[in-house]
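Q: Quick one: structure below, then a few questions.
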Amino acid sequence: MINITLPDGSIRQYDKGITSMQIAQSISEGLARNVLAAEVNGEVWDASRPIEEDSSVKLLTWNDTKGKSTYWHSSAHLMAEALEALYPGTKFGIGPAIETGFYYDVDFGDREFSSEEFKKIEDKMIELAKTKSEYIRKPVSKADAIEYFTEKGDEYKLDLIKDLPDGSITFYTQGNFTDLCRGPHIPNTGHIKAVKLMSMGGAYWRGDESRKQLTRIYGVTFPKASELAEYVHLIEEAKKRDHRKLGKELELFAFSEKVGMGLPLWLPKGTALRERLVRFMQTAQVKAGYEQVITPHIGHKNLYITSGHYEKYGADSFQPIKTPQEGEEFLLKPMNCPHHCEIYKTKPRSYKDLPVRFAEFGTVYRYEQSGELHGLTRVRGFTQDDAHLFCRPDQVKDEFKKVIDLVLYTFGALGFDNYTAQVSLRDPENKSKYIGSDETWALAESAIIEAAKEKGLPTVIEYGEAAFYGPKLDFMVKDALGRKWQLGTIQVDYNLPERFELEYTGSDNQKHRPVMIHRAPFGSLERFVAVLIEHCAGNFPLWLSPEQFIILPISEKYEDYAKKLSDELKDSDICGLIDFRDEKIGRKIRDAEVKKIPYMLIVGEKEAAEGKVSVRKHGAGDMGSMSIEEFKQQIIKEITV
Ligand SMILES: [Zn+2]
Ligand SMILES: [Zn+2]
């Protein structure tokens, strides 16, 4: 008998050679029907593979990331089977799972292939899936493997086999298709119920431009048709919400090749929105005891030699800026932290002065390859809502709690109500990788865990994910489409205080090193605005909208009344505009809807005579007529966050 330890810690005894599928069956038939593979001692195995010794076993289903990727990789085999059936003589490269789905690189020879044939392949895959063919694993000798693919004439598989040691090679067969693969796979093709081929492109064999270009076909599969429909819907919705598209339509930001790739230009409306975010954060930070500082966009190379950034990132960064004489060298600021360390050092600090909190909307520049740039989410210059807190070790927990409050306040004001926090700690097996004493690490780690717990954050703890210089807490936000974004990070740092020799005088009159905490609730304003646009589909919360109202005069006669209203609202810090165009009112309303302006104020004869406005709300329609005072009160109530 062997002992099988399950994830809940329970131990069950089975005969040697038991499979994960049989273990699942011994627990429940329902579970067994859903098992796709199993993690045996940390390695993903076929559910049909016999287990010969005491092991820990985790059964994997569609709900596990590793179960899903096994499913999608198995789907790549199914697609290959369909391609071989439809286009005999097709040769195959590699077919891995990716984050959403799978691809296979194939060589169709001289055959022309277009995405119009996707439907035919999808149908074939479904037809083959229905046969519920098992994925059968078979170890083969290198000689036999070479013989098989020589006969088949697949030079790509032969190229792969060349690098594999004899004794390690396995084939997998489902239906009529045999592939070179080390596995694992799902039990049978019957789990695959819905298929969609997404796109195709070219891919050089082994990523080598001097070799043949194969056709890469991307696909995705699901155990239920409804899940595929949901997925397709989300993709369409994501396209509609793409911040690059909406940023243009709403005139928020632009890029110019002349200015330089990856350097966003904020247009007036985008700037208005961004300024509101800045003001919001500044107000909250002042309340939380931060002090605002400003530092230059460049820094002497020596600053970054001291901080260690030059050694670590120098080669892959924008190269130094040289002065005409003197031979000085400056770097574009890649981060604000070293500057803030120097601000800390401008005067002696005592334990009573701590914590000090320096905040700056600091613009930093980081080199990204042009191919990596993407809208506002990957840029070469961006502004962080940065702050550095310098505190005593015993203050870390309190400071974390305060930062958590600030982050949650921010999320609340912006409508992100679905989030989790990840606490990244040291790898306990490998403590020598990290700088700072065991004692300070233990203190900071427990402080972070307790702070998160006391604030009631839904938390996951990841060991080994800390930076070498300190543990951290990251917020993962789920947007309206269920996509996850990392926003907001709080990071302890033992490294920079050491490198910059930061000190404070303790109650014992001795010199001590402060703990430094980096934090940025938005992360970068650019990326944050991108996420926000996609989250709210451009319908910003009223307090953030660059234009909160638009006044639509029914004719030229009411323009003076419109101007008077607009001035009155502006006096109350409510901004908007007037549509002076000589257009029909219906047209004006439609255009305002497209621009997603939250309130439309229609003024005509009746309104002007009674001193009122007819209010329409974006997405909600007619709200009737009210006095300007009533409207003002409503807006003020709505924008008070
Ligand atoms: Zn495989
Ligand atoms: Zn920092």
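In case you wondered, yes, glycine gets a Cβ from its N, Cα and C as well.
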Q: From His191, His233, His512, His518, grab the residue that TrEMBL records in the same Zn(2+) site as Cys337, His388.
A: His518
Q: Within 10 Å of its Cβ, which one of these binding-site residues (His388, His518) has the largest number of other Cβ atoms?
A: His388
Q: For the domain 'TGS' (1-61), what's the mean pLDDT in this predicted model?
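A: Averaged over the domain 'TGS' (1-61), the predicted model reaches a pLDDT of 95.
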Q: When a 10 Å sphere is centred on the Cβ of Cys337 (Zn(2+) binding site), how many other Cβ atoms does it contain?
A: 21
Q: Beyond the listed site residues Cys337, His388, His518, identify every same-chain residue whose Cβ lies within 8 Å of the center of their Cβ atoms for the Zn(2+) site.
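A: Other same-chain residues near the Zn(2+) site: Met335, Asn336, His340, Cys341, Asp386, Ala387, Gln491, Asp493, Leu496, Met516, Ile517, Arg519.
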Q: Run through the domain 'TGS' (1-61) and tell me, per DSSP, how many residues are helix, strand and coil.
A: 14 helix, 25 strand, 22 coil
Q: Under a three-state reading of DSSP, tell me whether His388 (Zn(2+) binding site) is helix, strand or coil.
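A: The residue in question, His388 (Zn(2+) binding site), is strand (DSSP, three-state).
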Q: Helix, strand or coil at His518 (Zn(2+) binding site), per DSSP?
A: strand
